Amino acid sequence: MNKQIIKRIEPKESVSMNIEHAIEKEAEITDLSQYGFTTFFEKQITEEDKNKNLIPARVIEIHREVFKVVSSYGQSTARLKGANFYAENTSVEYPAIGDFVMIQKNQGGEDIIYRLLDRKSFFSRANPTLGMGEQVVATNFDYVFLMESLNFDFNLAKLERYLTVAWESGGSPVVILTKADLCEEVEDYVEQVESIAPGVDIFPISSVTGEGLEEVLDYIKPGKTVVFLGSSGIGKSSLVNALAGEEVMETNEIREIDSRGRHTTTHRQLILLPNNRIIIDTPGMRTLGIWNANDGVSETFSDVEDITRMCKFSNCNHDSEPGCAVKEALENGNLTMKRWKSYLKLKREARFMERKARMSKQTMKIKKKGK
Ligand SMILES: Nc1nc2c(ncn2[C@@H]2O[C@H](COP(=O)(O)OP(=O)(O)OP(=O)(O)O)[C@@H](O)[C@H]2O)c(=O)[nH]1
Ligand SMILES: [Zn+2]
């Protein structure tokens, strides 16, 4: 694919020069497997798709209704086929960052997105614009990097919450402890994390000294997609740059800031690193709450749930009932009060979000009827 075409269709105002530069170097794209296309997606392509000359593509950026995609023809912009996505009485999902879609190439114009392929993993959050419903923010990733910094704001409870969300998403959680250069007791922290995340891989890293970066790069296999989950300032952008070996993301020091003194990330993106590792870094991921996380809670707290199942009564409130296994475990130290409280808190939150989701579905139904 030649650079001319790619240049012409870049939405200039919204893509930072650095990323454009990085992408240009990847302009010779012929193989979508570099972008994570596997047999899982290939198998979904039908005869009908082929008859219509549809080809697979991955969504790498979204600007309102304009999608930036990459296919065997390289990068292009595309729009949804109205009849397939906007027709009344259909409830098809719109593509999100990371999605594989079937497109029709349109020489000299925008490509048309016909349909969405099934996802192997996704993150969603409560829709912030409508105040209701669910919004998918990232899809088809293999690993979820749960990021916590090793300096003052290290927070195990938050990590537990991320873990819950990650299990739920379909990706594999990996804990990344950032800013190791600022911490003297790295091993202590690693042990603390091990206690709440048994069996999960943990990497202490520093984007400043380079500690742990080789290990992380080795760990991500080519063609695999990673999403980052972590609070602002934890070092996500710095890690992307460090892994890429060049400045593909702006970090805090050199950013434009808005009136509240904070950087505002305005678009979502999927970044292809050298050696075909893929990172999804979207603002949506940065405001992720807990949504339908009940199963995830159970995975993260399987030890706690094992205990609750040993209570004498199946509907035990773990309060003052006789034969309460939780009470016993708290007394003999098999369960810490802290972990029990985290569990109860996440349970409550998950239940609340579920109720909210049910309510919003009802509201939508009522609205549709009333229309
Ligand atoms: N000492 C040290 N500082 C780091 C490291 N990684 C990031 N920082 C600093 O931490 C600050 C925030 O880093 P960013 O990479 O912008 O953090 P972010 O998670 O992308 O932040 P948001 O974009 O706000 O979500 C910057 O001042 C970085 O220089 C590290 O490994 N060691
Ligand atoms: Zn009990």
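Just so you know, glycine gets a Cβ as well, placed from its N, Cα and C.
Unlike curated entries, TrEMBL annotations are predicted automatically.
Restricting the average to the domain 'CP-type G' (133-288) gives a pLDDT of 81. The feature domain 'CP-type G' is assigned by TrEMBL to 133-288.
Here TrEMBL flags 139-286 as domain 'EngC GTPase'. Counted with DSSP, the domain 'EngC GTPase' (139-286) comes out as 54 helix, 31 strand, 63 coil.
Per TrEMBL, GTP binding site is recorded for Thr178, Lys179, Ala180, Asp181, Gly230, Ser231, Ser232, Gly233, Ile234, Gly235, Lys236, Ser237, Ser238.
In this view, His318 (Zn(2+) binding site) is surrounded by 16 other Cβ atoms within 10 Å of its Cβ, with every protein chain counted. In three-state terms derived from DSSP, His318 (Zn(2+) binding site) belongs to neither a helical nor a strand segment and is classed as coil. Taken from TrEMBL, the feature Zn(2+) binding site covers Cys311, Cys316, His318, Cys324.
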If one looks at the chain holding Thr178 (GTP binding site), which residues at least 6 apart in sequence have a CB under 8 angstroms from its CB?
Met147, Glu148, Ser149, Leu150, Ile205, Ser206, Ser207, Gly230, Ile234, Gly235, Ser238, Leu239
Taking the Cβ of Ala180 (GTP binding site) as reference, which residues of that chain separated by at least 6 in sequence fall under 8 Å from it?
Leu150, Val186, Pro204, Ile205, Ser206, Thr209, Glu211, Gly212
How many Å separate the Cα atoms of Cys316 (Zn(2+) binding site) and Lys236 (GTP binding site)?
43
Name them in sequence order: residues not among Cys311, Cys316, His318, Cys324 whose Cβ is within 8 Å of the mean position of the Cβ atoms defining the Zn(2+) site.
Thr308, Lys312, Phe313, Asn317, Asp319, Glu321, Gly323, Ala325, Val326, Lys327
Rounded to a whole angstrom, what is the C-alpha distance between Lys236 (GTP binding site) and His318 (Zn(2+) binding site)?
40
Residue pair Cys324 (Zn(2+) binding site), Ser232 (GTP binding site) - Cα distance, angstrom, rounded:
41
Relative to ligand 2, which of the binding-site residues Thr178, Gly230, Ser232, Lys236, Cys311 have a Cβ found under 6 Å from one of its atoms?
Cys311
